[in-house]
Each structure stands twice: as C-alpha cells, then as structure tokens.
Amino acid sequence: MIRYWLDKTWVQYLVLCSITLLAVYYWGWVFDFGYQFQWDILFTRNTTYGTHLGLEILKGLGVTVRISLISSALALGLGTVLGIARLSLFAPLRLTATAVVEFFRNTPLLVQLFFWYFAFPAILPENIRELLFTGNFEFWCATIGLSVYTSAFMAEVIRAGLQSIPKGLLEAAYSSGLNYVQVLRTIILPMAFRAIIPPLGSEFLNNMKNSSLAMVVGVAELTWQSQQVESLTFKGFEATSAATVLYLSLSLLISFILNGVNGKMRLDTAPKRSLSVMFVDAVLLPVSLIRRVFVRPIGRALRRRRRAATSATYSPAMATMRVAMQMAGKGASLLCKGAFILALGGLLFVTARGLYNFNWGVIADNLRTLLIWHFPNGQSDELFMGLGGLAYSLLMAVIAISVSFFIGLVVGIGRTSDNRICRIPCLLYIELIRGNPLIIVIFWIYFFIPVLFNTFFNVFWSATIALTLFTGAYLAEIVRAGIQNIPAGQVEAAYSTGLTFVQTMRRIILPQALKQMIPAIVGQFIAIFKDTSLAFVLGVLELTFVAQGINNRLMVYPMEIYGTVAFLYFICCWSMSVYAARLERRLSPEKINLRM
C-alpha cells in the first residue's frame, strides 16, 4: 500500500515539501543554536572598521574571477602544447612533456604554490628577485602556479582528444599536401576540441574552485575575504555561508556557459536550441560580426592570391625555390630539435648542480619529522601518540576514502533511483559539495558544526570529516556512472525473475559496476591524498603544515624543504597511479590501446 502511493509523482513531491517545511520549522523556531546570528554584517557598513564587509567579499569574488580567467587561458595554451608534445615522435620532447605532466599532476597544488612563493625566488639573482617583489607578486605567483597545475590535467584531456581522431584522417590530410602545422590547425585540433569540451569544461570548473588556494600566498580572493570577515567579526558562519553561495552561483554560471559552448560545437545538435546555446550566441555575436565583416574577406583574398601563385606557369626557378623551401624547413626542424636537446641538457645540468649543492644535512635532520612528526613520543594532548607528517596525511586519506566509499555507494544508488524522494536529496548533496572548493567544505565543518550541534571537534577530525563528505560526493558520481554503464536489459531481466531492487543491486548490478569503478576509486584516493594538504588551513599536523613549520624555523632552506615535500608526495601519488593503471588493464583485458 505504501509503495503504491510512493510511486506516484505528486506524493513524492508532497513528501519532499513536508520534510523541507518540518526542517525549516525545527531549525528556525524550535532548535536553540546558542548562537546569535548577525546577517546584517554582510549588508551594512561596519562602523568599527569603517568598511562594508559585504562589498569586500564581492571584491574578493572579482579577484577570484580574474585569477580564474587568466589562469584558464594560460592553462589551455600550455596544456595544448604539452598534450601535442606527449604524442610527438621526437622522443626527448615526448619524454620531457610526460615528465612535466606527471610531476605536476602528482603533487598537491598547495605545495606547488608554496614552491613558487618561497623556494623559486630564492634561486633567482637578487636584482630579478627585487623586480618580482615590486610588482603584484602574490597575484601572479598564484595565477601562474594555478595555470601550470591545471595545464597538466588539460594536457591529458587534450591528448585523449587527439588520440580519438581516426588515423586515416591524419594520413588523408598529409596526402593532400598539408604540412604538420596546417593539419593541426585546420583538422586535428578543431575535431579534438569538439570531442573534449565536456571534460575540458570540468577542468575549467576545477580551476575556478582551486583558485581558493590563492589565499595561502596572501591574495585577497573570495575565500581570503570571507576569512577576513570572520577574523574581524568572529562570525564565521555568516562569512562562510556568503562565500558558499557565491562559489555555488559561480559554478552554476560556468556550467551554464560550458553547456552552451558544448551544445553550439556539437555536430549532432538538435534544431531546437537550448537557453545556454542562445546565451552563448548572444555573447559571441560581436565576434561573429567582426569575423564575417573583416576576417573572412581577408582570408578569401589571401586564398585567391595563394591559388594564383600556385597556378602560375611552371619554371625551373620556381621548382628550385620550392625544393629550397623544403630543404630549409627540414633544416629548421633539425635546428629546433638540436636547440631543444641543448636546452634540455642545460636544464638537466643546472638541476643536477642544484641538487648537488643541496644542504642534504638539513633534509636528513628533518626527514623523520616530515615522515612521522614526534611519533611515538607525542605529548598527552596530541592524537595518535604524536603522529604527524606524511603518515598523518596517509591516515586522513585512508579514513576519508574508507568511510566515503559507503556514503558514495548509498548516494550513488539513490542518484540513479526513479523515486524523487531518494534522487533529489542525493542530487542536492552532490551538487552542493561539487559546486564548492574543498577548502570551503573544510570551513563548513569547522564553523558550522559548533553552531548547529554545540560540539567542538579536534582540527584533525574536522578536516577528516570534510574530506570524507567531499570525497563521498565524487564517489557517488563514480558509482552512478558505473551503475548506468550496466545494460538496462540486465535490470529488466532481474526484475522479471522476481528479484527486488535491493537484490538486483546486490547480486547483479553492483558486482559488475564495482569492477569497473575500482580504477576510478583508486584515482579518487590519489586526489584525496593530495587534498589532505588543505588541512593546513586548520593547523592539522599533516605533511605540508609540518614542512611550513620547519621552513619558518630554518628560514634559509625553502628549496630543500619544499623539494623534499614535493618528492614525497610525488612518489606516493605516482606509485598509486601506476597501480591504478595496472589494475585497469587487468580488469579490462579486452581493451586495446591504439597508437597513432
């Protein structure tokens, strides 16, 4: 009887509305928070400090948008170069691009920002260092660091798009007389970018959320401004809520624009265009007019001139010129390869000399601290007998991935349910978490739990709970994708034999889906291990925080300290990524990797 009524759509919406109203009534009028909310601090001028704190948060939003736009453009350009280089037949270039991508993908962004901010200026000549510090060094340090980090992920997306192009198309382009640059510009890249708009859009969105880490190098972006409001007013709940709403709104706007770009570039777009496509058309209308009025006529004139030149009467001089141009092109190619090898050799020599000049005694003296902190001789008020450093980061990651697996499993199954009572709350949880940076989720737990539940957690548990909730949302999407990848006929066949929904999931769907999800889950574990570095903002004694403390104590060895931290993160993440790749090959023996 109950199941009969719950299958009706209007009953499902009625239940959801009733639950929402009851929650609003309970949290609004019954529950005693023991906390005095002051939302007016966001909308009125603060007389104590003589500033409008709400406007300061909006200024931070403007800085976030500026960092995101500049870093996205730089990352797209650098990622395209790295993606093409990873497919090059020139082995030194291919190996160099692979090394760059793997290094920056397997080290946390926070560590990279500390490297650019503390360690990189230390190796520059003093006059150049002073010149850097006279400009807006913090802003450009965060922007360039974010660009390099994001470009490593974009390079993999672009490489996958390039490899999806049929090999016959490439051969046909070369046989028609086009050179390498013309093939890339007119055929390969346009087709590849059409195919990779969705994953590339995800990287743009991640880039925006990662800009929140610019606060650690002193950039007054949105997260920094919200924490500034908290430090001035002690109203962390209100400040973090404002930042949450702005980040979520910005994420929805970016998703809306990217959906429009994807719909506009798809070849199979239906005649009826969506609102996002029409919005993108309106924004690009001036560009389209300029292209139609100026660019196209000039292009047609140049093509006519080129055709006229190629159709001229044959002459020995022209043939000799063409041969000379071909020889010059080959010579320039060899010259560029030689110059690249020389530059690479010089870079390796400088790197080797720098490593040789490292103060290895400093690294040896502090390596145990970086690995385990004071374990097992910790003080009575320290958790886990004084454990810290790299071991603390691994412990946080293991706890987060273990608990979040079950959260992701339940939420992912609920996300695929036809019943809106299950699907809509799961969807809201996923989108709310995925629409905000992890650092904001960490501040949620740190500021919201004391207010809502009158309970205080140790910073370790606050960060671990935030990592767990954050990872659960991403694992839920992995679970949903794995379930939806199972043919619908298997579900229908299971129902026809009399199996219930739970029995179908437990005996048929999940065993197959989990096999496909294991590589993605391992990849998520790598991501969450890197994200443990964000617990730095709460003072958790993980690897990055310990390294920062050592660097502040020594002052003159930032390259040794942050180089060691980056190496430790890289070894752990790279080892896990190699294991994930082997696991994927073993679980998918029918998969064939094509080489172009």
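Placed from the backbone N, Cα and C atoms, the Cβ positions cover glycine too.
Just so you know, TrEMBL annotations never went through curation; they're auto-generated.
The range from 67-91, 517-541 that TrEMBL describes as transmembrane segment is residues 67-91. Looking at 334-356, 390-414, 426-449, 455-476, the range that has the most CB pairs within less than 8 A of the transmembrane segment (561-581) turns out to be 390-414. Contact counts against the transmembrane segment (390-414), taken as Cβ pairs under 8 Å, peak for 455-476 among the stretches 12-29, 426-449, 455-476.
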